[in-house]
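The signal peptide feature in TrEMBL is assigned to 1-22. Annotated domain 'Inhibitor I9' per TrEMBL: 67-138, in sequence order. Residues annotated as domain 'Peptidase S8/S53' in TrEMBL: 170-413. The active site, charge relay system feature in TrEMBL is assigned to ASP176, HIS216, SER376. According to TrEMBL, the feature domain 'Proprotein convertase subtilisin/kexin type 9 C-terminal' maps to 441-521, 533-584, 586-659.
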Amino acid sequence: MRGVVTACCLSVLLCLVAVVEGDEDYTEDEEMILSLILQDDSQPEADSGPSAQFYRCTKDAWRMPGQYIVVMRNGTHVNQVERTARRLRAKAAKRGYLIEITHSYSGVFNGFLVKMSSDVLHMAVKLPHVEYIEEDSSIFAQSIPWNLERITQNKHETGKYSPPNDGAQVGVFLMDTSVHLSHREIEGKVMVTDFNSVPEEDGVRVHRQASQCDSHGTHIAGVVSGRDSGVAQGTSLNSVRVLNCQGKGTVSGALAGLEYIQSSLTAQPISPVILLLPFAGGFSRTLNTACRKMVEFGAIVIAAAGNYKDDACLYSPASEPEVITVGAVNFADQPVTTGTTGTNVGRCVDVFAPGDDIISASSDCPTCFTTKSGTSQAVAHVAGIAAVLLNLNPNSSSAEVLQQLLYHSVKKVMNPESLPQNHRLTTPNMVVALPDPTSTLTEEALLCRSVWSERSGVMGFATAVAHCRHGEEMMSCSSFSLKGVRAGERMEERDGKKECVAVNGNGGQGVYAVARCCTGHNAQCQMLESPQKGVHAECLNADHQLTGCSFFSSSGDVLDSDRPLHGSRRSCPARRGVMSYASCCHAPSMECHVKEHDSTGLNEQVEVSCHDSWTLTGCQALSRGSFIHGAYSLGNTCVVVTSGGGRSAAAIATCCRHRPLQRPDDITTTEDIPDV
């Protein structure tokens, strides 16, 4: 057989020789081709020197195999460059390879760009006049993508994204479409599980190209841990496919995926672990329950709020209280909205993150990038930041991770006018950010957040109830009414779980309950009510601190309350006909004080904030003749809304902290501190 092939090759070569010799006007190229055909490859070329050097990029992910820059020696003429390129083409053709010269250089250096197989390299480095050959590689704009710059609080190093760590100790399960594993952003970072539960695509002409089926999952994986576009670039991901090529799945498929993850973690524990759910469906009690069980199992579950320009509480898993639910903002820190679609909002959203025109890996090719928008992109940012936080404090619970996210977030950047009017109060005005490198926050720090209930009915004494998450302690309870008609609030305990219950007043239009939920230092709290109407509710144990007061009137109208008492007697004074409730908490080295601020002029909103290192645990109003709509906590600020013309009111904040051990002189700091 080999003899037949050799004979065929010889006959082709002889024909070529005959053609060349039969033309008296043959070209220089044809002469070179003829000489190469007849040349003995075992002999070096007449004018060849030592083999040229070969170089490639030190970053493997940026290499472009198959594309090479051939650099000629100094003093090489243009015609010698062209002749070298022709010689390389002829030598490659003799061995059965095709090459393509795509560009010639004759300015800053002489040479050419060639696309060819790496198998031809050994011929190219032996060509005359070649100084060296360099494999082509990618280069990138060095401005940080707006989304990574937005979440970075360290602005000192311009053009460089530098998080506190890369999240390498954290594992993430991504429930999404399939993922383009060979993309340079995520290559070697994603493990595809053997789970696959997706419905058939809609329509009879669906083409399941890999670039379509991998599109959403690849982009999300890149935002989480991409080499250049990722938030936590050391995090590893496990792909669990629950969405088809159209990005569609089923509740039953998601449930099966969660069950698969739980089984995997049981067999091979990963800690800490994040479950990333960049999808949303209609409200599902079953899906919410399954997510809650995963949190109880020890996972941090983070979900997209949804892109329906609606109340996130109407969707799952966004509506599950134990899930960290994420809305999306644009470059201007405003809620993302495009036509009839936009980020979901409301009290079921915990925090917002960049989610508009986010650049990340594209499934079109291993080096392609694209931009996408939505709460899926936003939730991927929060998963990345959560990985960074867990890398710092691996034992943090889901509740503690949420508190840390809120603590480091940027507050009051969204324009309230951009939110639907019925959600302006309850939607958190916070956009996530990485920890500030100068932050002194410790794992045991006292951190609090506000949890709003849905609005109660309009019947007299209709109630609204707010709960804290598992792992949080309720340190106070307040109420708020848009119309100002309310019967007050009280803390109750039902089935071993505290509730903040707000009561609508006679003729009211509904009321909100606002619970103050806290983590840190294992504080244990109890609610003590006054023995009867008009009598103080008092913390009886000397080692308990008063963290908040609540008041309720059975007559259906709470007009006023008194200033809480701290110092030797910690109590909530009650006016005649009113029941008072004291939240009394104990934790090692915990201390509290009251901070107060009076309104001036015609202001209908009074605010007072706790000093740095102190945390707001309670917020209440003190009327000085004005009509009180209620009080609520916004970040570390107590807000009181009033009406009634020129009459005044005061906002009273209860501020607590764990006493710094390095400052023994602070031990006696329990007196009330006036606002300055």
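Each Cβ is built from the backbone N, Cα and C atoms, and glycine gets one as well.
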Legend entry - Separation of alpha carbons, HIS216 (active site, charge relay system) and SER376 (active site, charge relay system) (Å): 9
Legend entry - Chain-internal residues, separated by at least six, CB under 8 A from HIS216 (active site, charge relay system): ASP176, THR177, LEU243, GLY247, PRO278, LYS372, SER376
Legend entry - ASP176 (active site, charge relay system) CB neighbourhood, other CB atoms within 10 A: 28
Inset, instruction - Take every residue in the domain 'Proprotein convertase subtilisin/kexin type 9 C-terminal' (441-521), average their pLDDT values, and give the whole-number result. - result: 92
Legend entry - For the domain 'Proprotein convertase subtilisin/kexin type 9 C-terminal' (533-584), the number of residues DSSP places in helix, strand and coil: 0 helix, 21 strand, 31 coil
